[in-house]
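J.: The structure follows.
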Amino acid sequence: MAGQGDCCVKVAVRIRPQLSKEKIEGCHICTSVTPGEPQVLLGKDKAFTYDFVFDLDTWQEQIYSTCVSKLIEGCFEGYNATVLAYGQTGAGKTYTMGTGFDMATSEEEQGIIPRAIAHLFGGIAERKRRAQEQGVAGPEFKVSAQFLELYNEEILDLFDSTRDPDTRHRRSNIKIHEDANGGIYTTGVTSRLIHSQEELIQCLKQGALSRTTASTQMNVQSSRSHAIFTIHLCQMRMCTQPDLVNEAVTGLPDGTPPSSEYETLTAKFHFVDLAGSERLKRTGATGERAKEGISINCGLLALGNVISALGDQSKKVVHVPYRDSKLTRLLQDSLGGNSQTIMIACVSPSDRDFMETLNTLKYANRARNIKNKVVVNQDKTSQQISALRAEIARLQMELMEYKAGKRVIGEDGAEGYSDLFRENAMLQKENGALRLRVKAMQEAIDAINNRVTQLMSQEANLLLAKAGDGNEAIGALIQNYIREIEELRTKLLESEAMNESLRRSLSRASARSPYSLGASPAAPAFGGSPASSMEDASEVIRRAKQDLERLKKKEVRQRRKSPEKEAFKKRAKLQQENSEETDENEAEEEEEERDESGCEEEEGREDEDEDSGSEESLVDSDSDPEEKEVNFQADLADLTCEIEIKQKLIDELENSQRRLQTLKHQYEEKLILLQNKIRDTQLERDRVLQNLSTMECYTEEKANKIKADYEKRLREMNRDLQKLQAAQKEHARLLKNQSRYERELKKLQAEVAEMKKAKVALMKQMREEQQRRRLVETKRNREIAQLKKEQRRQEFQIRALESQKRQQEMVLRRKTQEVSALRRLAKPMSERVAGRAGLKPPMLDSGAEVSASTTSSEAESGARSVSSIVRQWNRKINHFLGDHPAPTVNGTRPARKKFQKKGASQSFSKAARLKWQSLERRIIDIVMQRMTIVNLEADMERLIKKREELFLLQEALRRKRERLQAESPEEEKGLQELAEEIEVLAANIDYINDGITDCQATIVQLEETKEELDSTDTSVVISSCSLAEARLLLDNFLKASIDKGLQVAQKEAQIRLLEGRLRQTDMAGSSQNHLLLDALREKAEAHPELQALIYNVQQENGYASTDEEISEFSEGSFSQSFTMKGSTSHDDFKFKSEPKLSAQMKAVSAECLGPPLDISTKNITKSLASLVEIKEDGVGFSVRDPYYRDRVSRTVSLPTRGSTFPRQSRATETSPLTRRKSYDRGQPIRSTDVGFTPPSSPPTRPRNDRNVFSRLTSNQSQGSALDKSDDSDSSLSEVLRGIISPVGGAKGARTAPLQCVSMAEGHTKPILCLDATDELLFTGSKDRSCKMWNLVTGQEIAALKGHPNNVVSIKYCSHSGLVFSVSTSYIKVWDIRDSAKCIRTLTSSGQVISGDACAATSTRAITSAQGEHQINQIALSPSGTMLYAASGNAVRIWELSRFQPVGKLTGHIGPVMCLTVTQTASQHDLVVTGSKDHYVKMFELGECVTGTIGPTHNFEPPHYDGIECLAIQGDILFSGSRDNGIKKWDLDQQELIQQIPNAHKDWVCALAFIPGRPMLLSACRAGVIKVWNVDNFTPIGEIKGHDSPINAICTNAKHIFTASSDCRVKLWNYVPGLTPCLPRRVLAIKGRATTLP
């Protein structure tokens, strides 16, 4: 673990495995990892190096142990830590961190946070156990946790249980502060105290489930916020003092333990799960999801700016923008602060995510340059005590070094090490080398002993085999004995060598000490054999102890006499250490190297004798009076050394005695064992002899039996003998062949070694060659990139020079004009000419100003000088005319001064111009480079889409081939054609993959060039500017911005103009095709071949409607209009059906088409403006003509606004007043013609002042009148009743597929549900009431009140005349035949209450009763006998004849939100349910329905969010979801037929069918109604039905009803004339047209 100081941020890269969807779509892997190196390659040769790199197959445990485990250990030492997970959405960040809890997650797949929690509490338990074992006070730990969520730049507390999820958008009270040390902390955050691992895991799970997630096109469950899970660890542990060097310094007596104190360490661990960076066009996010994505990207951008500022190697950036985002503010400690930080960058390996992967790797690469300042979080008292202890230990160590002579002070006062210390270091090094040598020799001796044992055992076995009485047991016993004998022999030799060494040491000590009297006789005692008596050894030890006591007493007397005992003590100790080291080295050498070092021992003994002689002489010379003091000191030192030697000798002798005692015990044990064996053998011998003696008295029969037994055993032994002899021969033969085998083995080994050497050399050569090729290729690529870069620079320079040339030409033109003006000034003129000229100066001045305005921006100063010269000339003329007598001199000087100023400022303007040109070139380079990258990205995306299309087509062909093989295997020609088509598609896919790879390589090269350009920072140029130059640069920037803005506006205007023309051309062609098709249909009855032609065209056009065309109608697809599609290949698919349609229709003979159309028909094929005029005037064609009257009755109308085409310019629309006047004028004409279409839908925002009812209900004082539903004669009560008022047509929606004819108003709050018959309409609202309407009279009949809360569902049973309304957990049953009263109340738990159970409820009920659940929807069986109520996650079945519950449908894990009922062919009910758990389930009920019934089928795959609505027509089921998508299912095959992911911009709330037509209606929360073709599930048109969300939709035989949150129900008519089998492209273009015949 790194200590205190600077610590770089570590970066790890994890590459997730490919998804199955990516594999199916043919995505290639664009990343690779260098084996054994933390390096990842992107594309071909773009390499990134990090601290850790984890490839596709890396497990979670490896990531944790490599990256995070050390950080947890650092937390116990007081270091902060942070783990950051960064990457694009869907890259596996949440999986890596472990915050996405799933029931199916195994232990191996646990993320970083659960593993860190287990590690943390395991470390706490281990430290407490270790302290208990050591007998010290255990540390105390306090763990707390916080869980924050940063959602849309608002900090939310995920542990706050009182927070309402609906208040997510409100501002939180959490504040971020900074303490005195620069640390970041938050206030207002819930901090939970944790006591166990399970408790912390539960808190993590609770917070993770409260986190904001949603589904996008890239990820089913995408994190929509940044999450920060923080663990605070507070540790109070015992801090022991370090062992001081000298006990005298510490002052502690012997046996006193060192004092202990407590220190407090704190640490915090941040686990940061960042939300993924995302592109809106990839995720398909709209509305709230788009806002979340923008907020996420803003936070990550701020984080990137902070990383760039901290990782700047040049240290130019002074300010770090931590406060730009709350995310960077919270992570201020982790980035550049006090924390050990690791960033885990999660990337996708697929080539479709190449740009996101590249940006993530660049992002992470910048983070490696950040340096954090890591310190231990310790309380101040503990820090001060630790610092003082460290200082004391340092000073004590230094003092001991001075005392020991290790450090010395030189003459100049400098510190250094003594020669003794250096000598000791050398000796220690030599000692280490000798130890290694001894160890190696010991291993060699052991190997030799083993070999000797083996050979001797083999020899003994051979001897026994020759004798014929050997077996395996005896051989094993012999081998064990031999091994034991060798071991004992080795130990004996070691003991003898040690004894010899001890004898030599004792003799040296006796020779060196004149005071030892009993040492010499001890040598013969030790010189005996190892079996000498223990009394002799005891006697030697006793004598040595007596000598030791005498020496100690002598030393005490000498110390009393010594005046400098401290100095002597120091010297004696030094000599003692040296002698100990010398003796130890000698003992080890003699013990381990007895064979090699005999001579060296003799020489050592001689040297030692000489040393002892010199020491004796030194002691004997003590009588010299002059050197008495010095000799006295030497004697004292020698005496001290001898005492130590004696002590050591005694210890060695005692150890040797103990070892001998141990050997004696071992020998005695073995002797006893052998004696026991001998005794057992003797007993067995006696027993056998006794048996033999007793055998003589046995009978003949027993003798024969024993004889037979012995003969049998003898035969067996003979067979064993033969086998042993054969084995012996084989053994002899093997011994003979052993030498030959050994020679062959050596030869083969030599050959193998040579081959290995050759292989190594060859591999080395191959590596060198590969490295050389790689270097050459890299060099060539670099040269190519350099050349390309140089070429681009040259092109930019040429462009800049051309621009500079044009500017110079303009300046030259301006100078020429100035020169000509000056020449005109110098030319003399007559008074008449001057008089005429006096009339013209204003024109001349104006012309000069005009010319100045037409030149470039840099020529303005010259233009001003020309105009000043002209004004000067005017003043001179006025002087000649006598107007101004004085200003002659003043008229010429200003011009001269200006020219002087200009000459003085030439150098300044030149320098500023050069700086501006350099900046301009830099800007042009950056713009061109970014444009190139954007174009390459677009090309790569286009290729990826094309590859996906080809893969889908290839899969379809493969399935077709498999089906053809299964049905008719003999069709070889068809199979061959399909195989060829599949091969062609595979070749095309390979070609596209090559193109994608080239794009990736080019992008990488451009990114490298971009980095080089970024290195030349413009700040250097700007910082070197003076104030005047800066003003000039700012002025140039402003002018350039204005010019660019003007160019952009002009381009946009041109684009809009071209788009308008293109739309007009498309609509003209589609109108003509439509007219031709309609004309052909009329003639088709008499011409069968024409019918076949039309059918073929329709089939081909239906087949041509691909998924790309569907995207034109889908708001969430790749584009919202065909003008946004930039690829040429995409445009090829758009019009592929129209030329074929036109060509086939034009090929039909004129006879089939009948008479030609007149001039009024041709007007329809004109532009959109002419069509609008024809429609608005109403006289564009003859209505009397029956042909046109019949054609107009089948008018085609499609939406003009929506997702099909972009909105047209507002400048082309007429004002509302003009349209209202034209509508009023055209109204009488339309009312007289029966052939025209009914009134179209109302405008988007109808005027509320026309509605008397809404004006009256807006007054709160009259709110009580709303509850009156009686038939009073009061006019006020009649007005307050709900009415259905007709709605006039509006031009804005005349081309829509639906036209609003009426509007029902009467509810005061949003309408949630409705049901209708041909005469009655029933509505339920949030105002706790239901209303019944008469569709014939257009009035409200009755109001059904008394509901506890919102009425969420209402159904009418035509068989019984009962109405069922749902509110909270109650179903009210109303009998409308008598007086519209509630006759029964049904509950969700299955209870039946007579009458109205909620009549006493006056206020709105918020909660349900105990045991009850919210009922979301009800449905009636087609026969009217069963009622199905969706309550909770089940559906309760009611039998209406008895009003009793009979069963329950179960199987969902979430609340059932919607259901629908139909009948099968066997007249059984088929119930389909949709739940919040994203699944659609089907239940088929039999005749007897009782108990709990499970689903018969689960429709797969599920939606990405909860199901909101269902609709069934025949065998087709449609389901609409909150994920904005609609799916089409086949009930017979029970499979998914088709799906449109983004059918609407918001939740799909309602589905219904247009009666009698194969058309589906869908409505969403955005208020949009869409019409779909049921057969091929293609859009026909759409209309903005309401400004508020549409909650329900139903139909009857005449009308379509939509209920909305704007408190209204609109009645719609379908506009006839749309043909669902027409090509979608034609239908989409017709949506822009008006009424077409």
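Sequential numbering from 1, following the chain as shown.
In case you wondered, yes, glycine gets a Cβ from its N, Cα and C as well.
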J.: According to Swiss-Prot, which listed range is region 'Disordered': 146-181, 254-289, 830-865, 1262-1297?
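T.: Residues 830-865 are the ones Swiss-Prot records as region 'Disordered'.
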J.: Going by Swiss-Prot, point out which residue in SER562, SER1215 is annotated as phosphoserine.
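T.: In Swiss-Prot, SER1215 carries the phosphoserine label; others show none in the record.
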J.: Which residue range, 89-118, 359-388, 509-538, 1439-1468, is the one Swiss-Prot calls region 'Disordered'?
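T.: The listed stretch tagged region 'Disordered' in Swiss-Prot is 509-538.
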J.: Looking at phosphoserine as annotated by Swiss-Prot, pick the matching residue from SER1024, SER1149, SER1170, SER1369.
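T.: Going through SER1024, SER1149, SER1170, SER1369 one by one, Swiss-Prot annotates SER1149 as phosphoserine.
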J.: In Swiss-Prot, which of these is labelled phosphoserine: SER1167, SER1379, SER1394?
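T.: So the answer, going by Swiss-Prot, is SER1167.
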J.: Work out, from DSSP, the number of helix, strand and coil residues along the repeat 'WD 4' (1451-1493).
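T.: Helix, strand and coil residues of the repeat 'WD 4' (1451-1493) number 0 helix, 23 strand, 20 coil.
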J.: Please give the average pLDDT for the region 'Interaction with TRIM3' (400-1099) in this predicted model.
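T.: Across the residues of the region 'Interaction with TRIM3' (400-1099) the model's pLDDT averages 70 on the 0 to 100 scale.
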